[in-house]
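Chemist: One structure follows; several queries about it will come next.
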Amino acid sequence: MDFEALKKYSALHPKPAGLTLQYGTAGFRSKAEQLDHVMFRMGLLAALRSRATGSTIGVMVTASHNPEEDNGVKLVDPLGEMLHPSWEEYATQLANAEEQELQKTLTEICQKAAVNQQKDASVFLGRDTRPSSKKLSQAVVDGVSVLGSQYHDYGLVTTPQLHYMVCCQNTRGQYGKPTLEGYYQKLSKAFMELINKSPGSGEGQRHLKIDCANGIGALKLSEMQPYLPKEVLIHIYNDGTKEKLNHLCGADFVKVHQKPPKGLDMKPNERCCSFDGDADRIVYYYTDTAGHFHLIDGDKIATLISIFLKELLAKVGQTLKMAVVQTAYANGSSTRYLEETLQVPVHCVKTGVKHLHHKAQEFDVGVYFEANGHGTVLFSKAAENTIRQLAKEEKDDAKKEAAKVLENLIDLINQTVGDAISDMLVIEAILALKGLTLHQWDAFYTDFPNRLLKVQVADRQVIETTDAERRAVTPPGLQEKIDALVKKYKFSRAFVRPSGTEDVVRIYAEADTQENADALAHEVSLAVYHLAGGRGAPPQPL
């Protein structure tokens, strides 16, 4: 390691005094002007991780659904998955090390992680459309270069596309070609084959309005349009030419506010969906003839995909184990429908995509979606091999046909991470094949009314949870109080959890009516305020 060069370059990316940041599920996120030193150091860390694994590592510069003035960075591990937890700790140490400690911290990481510094290193880099992303991504390049590592800068890409490239590169092309064209070709070919099997194929066009949150999704969807069949007409809104990224639009806005995004005019029963700023989340929605808005979130997406997969798996006659993975935020009505009506096992894990992804890997077919619309489907290697073999060699026509549909789905799904473009094509294919309208899909089950609140506290660490964050262990008396409040309402449940990023406690409540869900959420927020050190004025009723 050339410590002189390191010192010289590090001085060009100085750390602001007293700033401490934590690498979480979303990597680092903050105001863009605070991140220059972090980007440089994540370039260093990516080079070390590459040497430690003998693989290409990805670095994505994005702050997803955050406001345009924020930015962030996350590292992508060899198979396109999120960074290993032990390296999350190294990332936090490196980002927070004072200038004079940097050399020592790097040396310690190399020792702990047994990094062979003689090995070659390779890093793939991508960024979103924020005004700050180009400059910050140059800081990453400085970090990668100062350690003598190779890099390939993909420039503007969606987060899932970068995850995809990393996986393609490290599987030596087995997963696909590590190019944007390779991504478009693989997905569109699988999509075409599915659409051609639909009963109504060739009967006119299917229109879909897409709100791209004024982000990278608009650019990449435009590039992909020529690859898509003429039967599917996508109309792109909020393409970033007029408004700010994520401002009053995007998947997060639609999910939280339960209303259409700005900049998209909706007529009754039109199919609409929204991506988030870096195109790794998607939600669908429509308005009915009475003008009521209907949101179809990640829970309903997981349900639609599960129904379709279950039917296909039954047709191929294989004993492949399928399960759905949710978090405590999943609507209780979706859990009930999956378990009782569909007879599909459901597992609940802690909030955060890495927990869902990890659990989904335990099954032959693992479906996971957060309620916010981030999710995908994972197929085990064994399941994939079985399905591909049946598609090629099965003598029974019906079984062979079902196996071929499953094979197309495997190719259409981005298994590395939730991917709004891929998920959208999967949903469109399933709706076409099953001949479903959005209204029919929405009617599978009715969500329990719910409410999400947050309470400011002096220290979020006072709340500790267990049972996949569904029960509070500390402070004393809080869980007992929540249990007593829940008993007052029908079909109700509530839980609290500390935010991963700020000193607030998040409160989720469900009940038989919106009025009761709101009342329960308010009473739980008061309990948190009084027992967990609330700050400012007590929460007011909604």
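Cβ from N, Cα, C; glycine included.
For reference, TrEMBL lists these features for the protein:
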type	residues	note
DOMAIN	51-100	domain 'Alpha-D-phosphohexomutase alpha/beta/alpha'
ACT_SITE	Ser64	active site, phosphoserine intermediate
BINDING	Ser64, Asp276, Asp278, Asp280	Mg(2+) binding site
DOMAIN	111-166	domain 'Alpha-D-phosphohexomutase alpha/beta/alpha'
BINDING	Glu370, Ala371, Asn372, Arg497, Pro498, Ser499, Gly500, Thr501, Arg506	substrate binding site
COILED	388-415	coiled coil
Chemist: Compute the centroid of the Cβ atoms of Ser64, Asp276, Asp278, Asp280, then list the same-chain residues not in that set whose Cβ lies within 8 Å of it, in sequence order, for the Mg(2+) site.
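Modeler: Result: Thr62, His65, Asp128, Thr158, Thr159, Gly215, Ala251, Phe275, Gly277, Ala279, Arg281, His374, Ala420.
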Chemist: Give, as a single whole number between 0 and 100, the mean pLDDT over the coiled coil (388-415).
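Modeler: Mean pLDDT for the coiled coil (388-415): 96.
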Chemist: What is the one among the binding-site residues Pro498, Gly500 whose Cβ has the most other Cβ atoms less than or equal to 10 Å away?
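Modeler: For the binding-site residues Pro498, Gly500, the Cβ with the most other Cβ atoms within 10 Å is Pro498.
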Chemist: What residues, ordered by sequence, lie under 8 A Cβ-to-Cβ from Asn372 (substrate binding site) and sit at least six positions away in the same chain?
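Modeler: Correct list: Ala251, Asp252, Lys255, Arg281, Val283, Asp297, Gly298, Tyr329.
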Chemist: Of the binding-site residues listed here (Pro498, Gly500, Arg506), which is spatially closest to Asp278 (Mg(2+) binding site) when Cα positions are compared?
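Modeler: With Cα distances computed to Asp278 (Mg(2+) binding site), the winner among Pro498, Gly500, Arg506 is Gly500.
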Chemist: Do you see any of the recorded positions Ser64, Asp276, Asp280 whose C-alpha is within 10 Å of Gly500 (substrate binding site), and which ones?
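Modeler: Cα within 10 Å of Gly500 (substrate binding site): none.
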Chemist: Out of these binding-site residues, Asp278, Asp280, which one has the fewest other C-beta atoms within 10 Å of its own C-beta?
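Modeler: Least crowded of the binding-site residues Asp278, Asp280, by Cβ count within 10 Å, is Asp280.
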Chemist: Distance check, please: Cα of Glu370 (substrate binding site) against Cα of Asp280 (Mg(2+) binding site), rounded to an integer number of angstrom.
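Modeler: Distance between the two Cα atoms comes out at 11 Å.
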Chemist: Quiz question: given the recorded positions Ser64, Glu370, which has the greatest number of C-beta atoms lying within 10 angstroms of its own C-beta?
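Modeler: Compared across Ser64, Glu370, the most Cβ atoms within 10 Å surround Ser64.
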Chemist: Which of these recorded positions is closest to Asp276 (Mg(2+) binding site) if you go by CA atoms: Ser64, Pro498, Arg506?
Modeler: Ser64
Chemist: Fewest other C-beta atoms within 10 angstroms of its own C-beta: which of the binding-site residues Asp276, Arg506 fits that?
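Modeler: The binding-site residues Asp276, Arg506 were compared, and Arg506 has the fewest Cβ atoms within 10 Å.
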Chemist: Per DSSP, how many helix, strand and coil residues does the domain 'Alpha-D-phosphohexomutase alpha/beta/alpha' (111-166) have?
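Modeler: The domain 'Alpha-D-phosphohexomutase alpha/beta/alpha' (111-166) comes out at 24 helix, 13 strand, 19 coil.
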Chemist: When the domain 'Alpha-D-phosphohexomutase alpha/beta/alpha' (51-100) is classified with DSSP, how many of its residues are helical, how many are strand and how many are coil?
Modeler: 17 helix, 14 strand, 19 coil
